[in-house]
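Below is one structure, written out as structure tokens; the observations come after it.
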């Protein structure tokens, strides 16, 4: 049992470190002061902002986000009127790949700014900045937010609820098993005059020391690393460790109270003989096993699905990165003069350098896609999805017509409203077009049923059995639905124009789609980590429950087993009843979640076979001696 508590200690320390990294990854601001995001109706020069910042005694931040994914954040923070105590250069971080760089905007630099940030504790200064800007004829919109800081609610949020629930079940199971395994010791201590509370406390202190001491094996070295890499974050790490430890302490204290009550009702002689208590424990463990088995099977399924999602996303990202798409990011709507100038440049971009694409409403991840394909299910008229894109996107989105030929843009040139419709919709074409609201139909081309293509905007998701709505490329700044995408050449042309206009990148920028793709990939990695924690806890609970049930059952039936050992036979009926009862629980859970998990019955069989064989060979004869 001590090894189990050591393992729990290591697991808890790993979770504490993982959760700390999740929190720190979102902490992109240096202080706890409120964050005020200013959005103006038109552009203002950095010289005017500098004068306003000096009058209001504030520091203005221009933030350009280059990369935002777990453990890999790149932000350039340019300061206007920086505080003399503000540290410039690369910010310290516990993540080796994180690059948050602070610099001061040069007086010779010319920038047109529409969006900026101020982090300030005194609202009077923010009000003064707002007033000074409005006096210059600007309309100001201010959004207020708080920087990410650790709170108790974050630790026990819905995302972590499954982990703490599983941890609680495991601890209760371990503590209960430990109490019963020490029943003889409890009986002897009661005979020696120990009071119930003292006995309960003595048993739990041993377990607590094992758990806490082994958790420090990982926590202390990681704490030293945090101090070395970013001293400012050590207080957050200590808070997390303390909160998790207090949670564990609460479970132990509650167990002490319950344990004291149970010890109070334990008969000294029965405890030493250890007869009746085993029957109670065996029934309790069976109830635990029902709950633990369902949780374990569900956690296996969840982990497998998350791994499949990550692999699919990783493969999708690798494919999408080859397209080298770019898109426009704006912090607020550009003023009309800038809008017109940018759209004029966009309209002059070559047709081969600009694309339109809009994701359908009902995308499928890899697990849902496999289910559709396994069931050979095609979409019906009511669940039909529509993927809108420019004709030249056919260079990237591979679609086969009804004869199996891959369609190219030149196959449908000259038509502006073309619909690629799966064959099985031939008899429902009017309903399909009405549901979409098609006003003009220049051409309908029938395509193979059940075709799958990678979605261009959402990495790791798939378009399945869709109607594709093709149109001529719209060379505009924004689409009502979807994104205007550029290849590298188109992005360079647009970037050159933005540089001529001296527009700040925090307000208006051309960004590679790789930023978005990497975020999807990082999120899938986090999903795997979270599911692995749940899997490990539930696996330990499951194995512990199996072993405990077998040990208690052998204790209950030890005299029957010893008699059969003497006559050279196995208690077939007794063993069959035991195995059937346990297998039935596992089979029910497997059939409810996924039939493939019936293999767990084999795992259980080998564990029971080993334990029973070992008992029959080495220990059963001792029962006849009264041991």
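Cβ from N, Cα, C; glycine included.
Fair warning: this is a prediction, and the values are worked out from it, not measured in the lab.
Record note: among 101-120, 121-140, 141-160, 161-180, 161-180 is the stretch given as transmembrane segment by TrEMBL.
Taking pairs at least six residues apart, the transmembrane segment (240-264) and the transmembrane segment (532-554) share fewer than three Cβ pairs below 8 Å and do not count as touching.
Counting residues 6+ beyond its ends, the transmembrane segment (201-228) has Cβ neighbours under 8 Å at 1-2, 5-10, 12-14, 16-17, 20, 94, 174-175, 178-179, 182, 186, 189, 194, 234, 237-238, 241, 245, 248-249, 252, 255-256, 259 in the same chain. Among the recorded stretches 7-24, 161-180, 280-300, the one sharing the largest number of Cβ pairs closer than 8 Å with the transmembrane segment (532-554) is 280-300. Long-range contacts of the transmembrane segment (161-180) within its own chain (CB-CB distance under 8 A, at least 6 residues past either end) are made by residues 1, 4-5, 8, 11-12, 15, 186, 203-204, 207, 247-248, 251-252, 255, 259, 262, 277-278, 281, 284-285, 288, 291-292, 295, 299, 530, 533-534, 537-538, 540-541, 544-545, 548, 552.
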